[in-house]
Amino acid sequence: MEQLLQQAVNGISLGSIYALIALGYTMVYGIINLINFAHGEVLMVGAYIGLYLTSVLGLPFLPALLLSMVLSGVLGMVIEKVAYKPLRNGTRISALITAIAVSLFMQYGMMYFVGPESRTYKDLLPSKQIDVFSTGALIDIKSFYIIFITLIMMLLLMYLTKFTKMGKSMRALSQDRDAAELMGINVNQTISYTFFIGSSLAGAAGVLIGVYYSTINPLMGATPGLKAFVSAVIGGIGIIPGAVFGGFFLGIVETAVSAFGGSLYKDAVAFFILIVFLLVKPSGLLGKNTQEKV
């Protein structure tokens, strides 16, 4: 029982980070049908921003987290303006190739500036083992902080998309871009805000990964970024609740695989799940199968 509870909390904690990243994927795809494979590198930059703010400037955790989110959001807007906007009316393959190129440029650009060595985060959150419900299961309180922070961000995002003018513009644009433009919605501004929000969540995830694992490096965004894409596909890419569900699902599955001695294969299991969903239910668990006329 103790082991089961420990692994469940660890899985939810890891899954909440995947969910934050997956939200960025699903928001961008829902608006412009683009798989932004540079999203993981925005996470990496956010992690380094958080490291600089806490280690060099000495900021506490919360201000560093918020400022990292803002700067990561601005970076996402710049990427959209420079790399994706000129290709908005182009083919999907050209946008996909550009996204991969931006990803590699950011990885090795960061490696050039900071070096390939891993950097260490200092302890920004309380770290002590607590006995949950007096069951004997000792769980690091840091996991609960991460779960709480990510849930707050997800709730704020859901409020933003459902009840604000910008959120309504995003939903209208995801339904029918041409009709939204005819209704007076500023398409360019809405897309920029979408990239800002998605990238700010990735920046937050980068800081949380740094806090959770204590070390970061210039290539750290690749694997979490791909797994977040898997999470988005599991839940239904383009569907915000689906990204959250997929993130938690994948985090729990990975933790379960590791708990049963398969830690070397957890990445393979994640991508095996992706293949299964693409073959069996490509629309995801919360998506609906649609037929397009050619």
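Glycine is no exception: its Cβ is also placed from the backbone N, Cα and C atoms.
Summarising the annotation, TrEMBL assigns transmembrane segment to 12-35 (among others). Sequence-distant neighbours of the transmembrane segment (12-35) (same chain, 6+ residues past either end, Cβ-Cβ under 8 Å): 42-43, 76, 84, 88, 92, 95-96, 99, 143-144, 146-147, 150-151, 153-154, 157, 170, 173-174, 190-191, 194-195, 197-199, 201-202, 204-205, 208-209, 212, 224-225, 227-229, 231-232, 235, 237-240, 242-244, 246-252, 254-255.
The transmembrane segment feature in TrEMBL is assigned to 95-115 (among others).
Feature annotation from TrEMBL assigns transmembrane segment to 143-161 (among others). Remote same-chain partners of the transmembrane segment (143-161), defined as residues 6 or more beyond its termini with a Cβ less than 8 Å from a stretch Cβ, comprise 9-10, 12-13, 16-17, 19-20, 23, 65, 125-126, 167, 170-171, 197, 201, 204, 208, 211-212, 240-241, 244.
Among the features that TrEMBL reports, transmembrane segment is placed at 193-216 (among others).
Look at TrEMBL and you will find 228-252 (among others) tagged as transmembrane segment.
Annotation source TrEMBL lists transmembrane segment at 264-280 (among others).
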Are there residues at least six beyond either end of the transmembrane segment (95-115) with Cβ under 8 Å to its Cβ atoms? List them, or say none.
34-38, 40-42, 44-45, 48, 79, 83-84, 87, 218-219, 221-222, 225
